[in-house]
């Protein structure tokens, strides 16, 4: 048990270093142009370019540049954006984080509830038209680009049906801090939550249904049925509980990826100033330091979150916990 | 089922001799959804290939140049493409809305007065080209990585798998965005080769690369089971060289996994392409793709929603068809992989 946790920690550390090298290489060693010009931004003055070259050590070998970059990102945290009038990048990322977390958490609640309901219902009515209909619906959900869905949602709630009773409560685009106005926060986020959740409802309900159907043949399910438990009880308390293991580990991955920038498209469409939208704005004016900071911090966040999920998994699964499997 | 127990009957022996591919094809043909999807995909592809015919001979428009001052014949009248808004003061101009007539802006015009229908078809060419090529490239690379890692095992496997783990840990879209943003400004220069920043090879390679870990994982798993199988052990015992085992024994048995991955990877690639293009770091203007048209339509969403709605529907139809086809093929070839649909 302790060994397993230690091994997982070592692995995490390795992946963290690997990721930082990968991101570094993508930004500074992609063949093409001089990274100095990329950092300094469009139409930078020669003085700025010279300063950037010395500051980032572009006149030194790659390993030195790597160390310098990591120091700027994680130790001194004084990475500055030259395009954006010398704005410090790291605090900017942390300021945007609550918006992203609000968006993803709400969407996660919706997609977990909806997909558990849909997946269980489909598995219970396996083979019937309800099952086929729900799974088709899930497939449609997987096939909709989220930025398009967001635009259509905006079209309906902000313009076409905004004057009807249905959507008159929807406020204009933008984020309202929870501390300032909890109700406003909720109303501003409901539509983005549902938009972001659609894809995951599709994926999770299909995964859960497949898992529930697969688990039906297991010995303990047969035993439960043989004991004379009702089909609903067997499905919910014996089947669903087992299927939750896959569900939870998948959830941990996706949640972390979304907080780490996967919600970018949703944030852009709904004008929510989160980490993703920050990255998007940086794309517009080629603000490389900012993009690099968001990518690096998200990747680190995802890796750490995955490690935490894995360790919880170690603690929760009795087969793994007692070293039986 | 009962006929399988009587191998003496001639029809059964004929069926038994049909190879796994023939059997799978037979199952697939009976899968109604998969067949409809194939037809839809063929239809969309042909329509997009006919884009120049539509633009030159039917609509007589150039979908790549701005046409703000142009007019169009509607019911015998010349109508301006950019029309005054219907607010009380007639302030500002909006492009013409959908006319639903084949020859005259059936889906309306975008903010530069270009025919949305023609751009939709041309955009479909780029979107489909990128999606299919990226998926093919990705599966080829993933097959190499997966087979080498799975067959070689040991240090080679450890190194390759850790590399895949690292790539997998970066959120897919962020990875693609990072690669796009460094190549989109100045293009790519590798030794003597220069790739211009508006070359479609760039999005193709980027999308292929970021999905390699996703596709390599099931391949590696399959190869690892195959490596322990009896026929591979037998081949090794006979002294068959490793490369021959890989080509003759492993590869044919992995093909099923690869074929099932193909439509799913194409669907993922199409989604990724449209997202990158929507963020204006995929296909570069004035060329179009379904993603760039949605981006063009963003500013017009309240006045001329059709500009953004039409390419979105096209994406949904194609991705849905690919997903249904993928499901059908998986059932037909009976390949199971545990973790699809992530990322």
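Every residue gets a Cβ built from N, Cα and C, even glycine.
According to TrEMBL, the feature domain 'ABC transmembrane type-1' maps to A:97-313.
Note on the transmembrane segment (A:12-30): residues 38, 62, 65-66, 69-70, 288, 291-292, 295-296, 299-300, 303-304, 306-307 of its chain, located 6 or more positions outside it, place their CB under 8 angstroms from a CB of the stretch. Summarising the annotation, TrEMBL assigns transmembrane segment to A:12-30 (among others).
Long-range contacts of the transmembrane segment (A:101-125) within its own chain (CB-CB distance under 8 A, at least 6 residues past either end) are made by residues 131, 134-135, 137-138, 175, 178, 185, 189-190, 192-194, 196-197, 200-201, 203-209, 212-213, 231-232, 235-236, 239-240, 247, 251, 255, 258-259, 263, 266-267, 272, 274. According to TrEMBL, the feature transmembrane segment maps to A:101-125 (among others).
As annotated by TrEMBL, transmembrane segment applies to A:137-156 (among others). Under 8 Å from some Cβ of the transmembrane segment (A:137-156) lie the Cβ atoms of residues 118, 167, 173, 191-192, 194-196, 198-199, 201-203, 205-206, 265-266, 268-270, all in the same chain and six or more residues away from its ends.
TrEMBL lists A:185-204 (among others) with the feature transmembrane segment.
According to TrEMBL, the transmembrane segment annotation covers A:245-270 (among others). Non-local neighbours of the transmembrane segment (A:245-270) in the same chain are 99-101, 103-104, 107-108, 112, 116, 145-147, 150-151, 154, 173, 191-192, 195-196, 200, 204, 207-208, 211, 276-277, 279-280, 294-295, 297-299, 301-302, 305-306, 308-310, 312-313, 316-317; each lies 6+ residues outside the stretch with a CB under 8 Å from one of its CB atoms.
For A:290-316 (among others), the entry in TrEMBL reads transmembrane segment.
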